Structures are given as C-alpha cells and as structure tokens.
Amino acid sequence: MEFLQFLSWACIVFTVGMFSTGLTDLKKMRASKSADNVQFLPFLTTCLNNLGWLYYGILKTDGTLVLVNTIGACLQSLYILSYCHYTNDKRRVTSQTLLAGGVVCGGWLYFSVVLPQGESQLAQLGLTCSLFTISMYLSPLADLMEIVRTGSVERLSFSLTVATFLTSTSWTLYGLQLQDYYIMVPNTPGIVTSLIRFFLFWRFASVNQGVPSYKLIEI
C-alpha cells in the first residue's frame, strides 16, 4: 500500500511537471506577442486526452487520475486560450477547437447516455483513452526518423524526454499495481520512445561539439 501511495505521488509530480513544459511556449508567445513558432495541435490533443482520463478517473473513483488530469486540462486550456489570443490564424484555430469540443460532447453523450453504467462503460472508455494515449506517444516517430536521417538532435528537448520517461514509467508501474491494463499498457510506448530519444542524444551528441546538441526547456 505504501508503494502504491509512492507511485501515486510520483505520477502526480512527474505528470504535472511534464504538462508544465508548455509554459515555455506560453512564455515565448507572451514575449513575441505571436504564436507563429508554436504548435497548436499538441495543446488541443493533450487537453482531449486529459478530459478522457479525467472522466475515466471519476468513474473509477481514482483520486490520482482525477487530480492529475484536472490540472492537466486546466493548463492545456490556458495554453489554448493564449494561443487563440496571439495567433493570426484565428479562423483555423477556432474551427479546430470547436471540432474538439464537438468530439468531447459526442463522447460524453455516448459514454454517459448511450452506454449503460457499469463494467462495459468503464472498459470501453478505458480502451478509447488507451488508444488515444498510444497514438500520442507514437506520433513523434516521424520526427525521430528525420533526426536519424539528418544526424541532428536540435529539434529534440532533453528535459521533455526525461519528463516523458519518468511520467510513463510511473504510470506504467501504477497501472501494474492496480492491475489496470488500461493505465499500464498505453504508457509503455512512452517508455520505449523515450529510450529511443536517449539513444539518439547519445548517438548524435558528439556530431557538433561546438554547439549544444540539444535544447533545454526554460520555464
């Protein structure tokens, strides 16, 4: 029980720390008064992911999931609102946000109204959240292939890689302790992709000794 409590706190600390890395982009937007060099979709997809796991945590009465994803959804909402304020392409951003809102409303109606309450509801929601999380962890693979091709790790964030590895590992162990495969399985790819990033840092770090081979996150 003490180990589970330790894992719970580890999940909270590491995950909130990973979500907080978006403050770097927020700082960049405020300094430049522009959102030109910041990606919007990661904020939106992460917010959707947070809302899905938040609902799963509520149904499962898991305080760790509820707390982490409430904080995550609030932070992502802050990033989204800031992006909407500073971007020049407000039409595209607004349409993507409205589409995401429609997905949230449709998902809530399906899981709350269409499906009967019970194990089937929890299982389908857990599977949906798991698949979405796995797709998020695997989505940067194209960028990793580009890094292998160019031999440069400048586009990678070492701090974010460390945060992702610690977060994925803590959630995998947490899910294992709870015997909840919907939590454990989707976080395993995060460990794998983080290890690949560590290898790339090691492999290409000495390509150009004159400049830093990776960028640190400044908050």
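Every residue gets a Cβ built from N, Cα and C, even glycine.
Computed from a predicted structure; not experimentally measured.
Residues 38, 43, 46, 63-64, 67-68, 71-72, 75-76, 78-79, 82, 157, 159-160, 163-164, 166-167, 170-171, 173-174, 177, 217-219 of the same chain lie 6 or more positions beyond the ends of the transmembrane segment (6-26) yet place their CB under 8 Å from a CB of it. According to TrEMBL, the transmembrane segment annotation covers 6-26 (among others).
If you look up TrEMBL, you'll see 38-58 (among others) marked as transmembrane segment.
The annotation transmembrane segment is assigned in TrEMBL to 64-86 (among others).
TrEMBL lists 98-116 (among others) with the feature transmembrane segment.
Marked as transmembrane segment by TrEMBL: 122-144 (among others).
What TrEMBL records for 156-175 (among others) is transmembrane segment.
Cβ atoms under 8 Å from those of the transmembrane segment (181-200) belong to residues 56, 65, 123, 126-127, 129-131, 133-134, 137-138, 140-141, 144, 147-148, 153, 156, 161-162, 164-165, 167-169, 171-172, 174-175 of the same chain, restricted to positions at least 6 beyond its ends. Taken from TrEMBL, the feature transmembrane segment applies to 181-200 (among others).
For the transmembrane segment (64-86), same-chain residues at least 6 beyond its ends with a Cβ under 8 Å from one of its own Cβ atoms are 8, 11-12, 15-16, 19-20, 22, 25-26, 29-30, 33-35, 38, 40, 43-44, 46-47, 50-51, 53-54, 56-58, 93-94, 97, 174, 183. For the transmembrane segment (38-58), the partner stretch with the most Cβ pairs below 8 Å, chosen from 98-116, 122-144, 156-175, is 122-144. Listed by sequence, the residues of this chain that lie at least six past the ends of the transmembrane segment (156-175) yet keep a Cβ under 8 A from its Cβ atoms are 4, 7-8, 10-11, 14-15, 17-18, 21, 64, 137, 147, 181-185, 187-191, 193-195, 197-198, 200-201, 214-217.
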